[in-house]
Amino acid sequence: SELGVERRFVPESCPRAVRPGDFVRYHYLGAFPDGTRFDSSYDRGSTFNVFVGKGQLIAGMDQALVGMCVNERRLVKIPPELAYGSEGVPGVIPPNAVLHFDVLLIDLWNSEDEVQVQTYFRPDKCPRTVQVSDFVRYHYNGTFLDGTLFDSSHNRMRTYDTYVGIGWLIPGMDQGLLGMCVGEKRIITIPPFLAYGEDGDGKEIPGQASLVFDVVLLDLHNPKDGIAIENQLVPESCERRSQTGDFLRYHYNGTLLDGTLFDSSYSRNRTYDTYVGKGYVIAGMDEGLLGVCTGEKRRIIIPPHLGYGEEGRGKIPGSAVLVFDIHVVDFHNPSDSVGITVHYKPSNCTVLSKKGDYLKYHYNASLLDGTLLDSTHSLGKTYNIVLGSGQVVLGMDMGLQDMCVGERRTVVIPPHLGYGEHGVEGEVPGSAVLVFDIELLELVSGLPEGYMFVWNGEVSPNLFEEIDQNHDGEVLLEEFSEYIQTQVDTGKGKLAPGFDFEKIVKNMFTNQDRDGNGKVTAEEFKLKDQEAKEEHDEL
């Protein structure tokens, strides 16, 4: 004669219990006391959906559902006076029947409910939160209120990408995503009238279902966004900033907004080298690399419409915001010439270096970021060259011009006057600007341009006879070499400094040996002033 309620299972967590006026979705088995089943929602494959306390149920069930939690299971015994009474239900329930119901509550909501948001992780830094019209990328697990999974972006291994607040989402999700930070994790509980309503989605989600989304926000931008620049390190001395048309060498780490690394120049142990402002890189990077100093570190945040757009590329998903932490190693412009800064010049500076002079100097060679490449000091000996003879890179030939002995200067050489795009394997990176700190220690004046040997006094009128020691009318290389050596040793003549004696003498001899037979005759032998300008360098 009384309503009987036995709580067969009660979940540990019960944030909410059924109250009159709530809408519930539940499964049940209906049986008589002898165990004969008369009805089952399971057989129909759908829950029983109804308001509680509004007379839509038999009185005993209206009472028995009050106080239930989602996932709670109750065994309910309802006397006839709280069920179908003395009339019963013809063909189904006899008069004065006691009814037993095994009830499992699946869902519970109220028409006054709103979207519920529970944040269970929020990053310490949250520079920006989701606003209406923002575009977001997020992962989610979608479940019903009883925990049954109906959808997951994780299973598809692809984020859900959408605008917020403009009707692309169900209203409850539009509301639930507002105010989120990148990296934040929250649970969004949505009543059906803010989700898929009475009809469901026609596939996985039944009508009148509350939805629970466990969301982690990975990315956030607005179509109106430009790039954002965060300066991390700016050198105290910044004599020059990058401009359109400059060529930059820089290192970078490229991550998504949630910190996922997608690329790094450091892992390749090689800088990224490119022109700036010329369309060689994505538009956001083209803009973000302008105005940097050598040695500067900055973070460049690039929205997808200035990055790789909706399609993405490689490890970069579509519509992804990109974060580049860059370190500028050097830059130059193709129009740059050699830069010279004089640090010390002796007061007595009358003899200046020129083409053909033999120079001895010390240097420290480094990259523009200060990385040391080479140093004559560490070798304990000077570097010796003939200026303008192609023994060093063109920029060094230019940088050593017009120096005094004892002078110290810094010479900055752009790559097109240095080692070019390819550099020197294992020593000088390609497209690198070079910095040489130089001290000139010795200068031996060279000969006039085009001369290999000059006389210090009058030239003998019988020169050929003097060289032809055996007087056979022919001069061999050995005779020629011995004669030149004697003139140099006695101070009567001077060879171009800085060259190998044997090579220069052989070159002189070959120029005199006009028929190439290994001998020089009196008819072949001529002095420099007897030669036409276009002929070879001679005596």
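Even glycines carry a Cβ here, placed using N, Cα and C.
Automatic, uncurated: that is what TrEMBL annotation is.
These features come from TrEMBL:
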- 21-109: domain 'PPIase FKBP-type' (DOMAIN)
- 133-221: domain 'PPIase FKBP-type' (DOMAIN)
- 245-332: domain 'PPIase FKBP-type' (DOMAIN)
- 356-444: domain 'PPIase FKBP-type' (DOMAIN)
- 455-490: domain 'EF-hand' (DOMAIN)
- 500-535: domain 'EF-hand' (DOMAIN)
- 512-539: region 'Disordered' (REGION)
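Among residues of the same chain six or more beyond the domain 'EF-hand' (455-490), those with a C-beta under 8 A of the stretch's C-beta atoms are 501-502, 505-506, 508-509, 512, 518-522, 525, 527.
Helix, strand and coil content of the domain 'PPIase FKBP-type' (21-109), in residues and according to DSSP, is 13 helix, 37 strand, 39 coil. Under DSSP, residues within the domain 'EF-hand' (455-490) fall into helix, strand and coil as 18 helix, 3 strand, 15 coil.
On the 0 to 100 pLDDT scale, the domain 'EF-hand' (500-535) averages 79 in this prediction.
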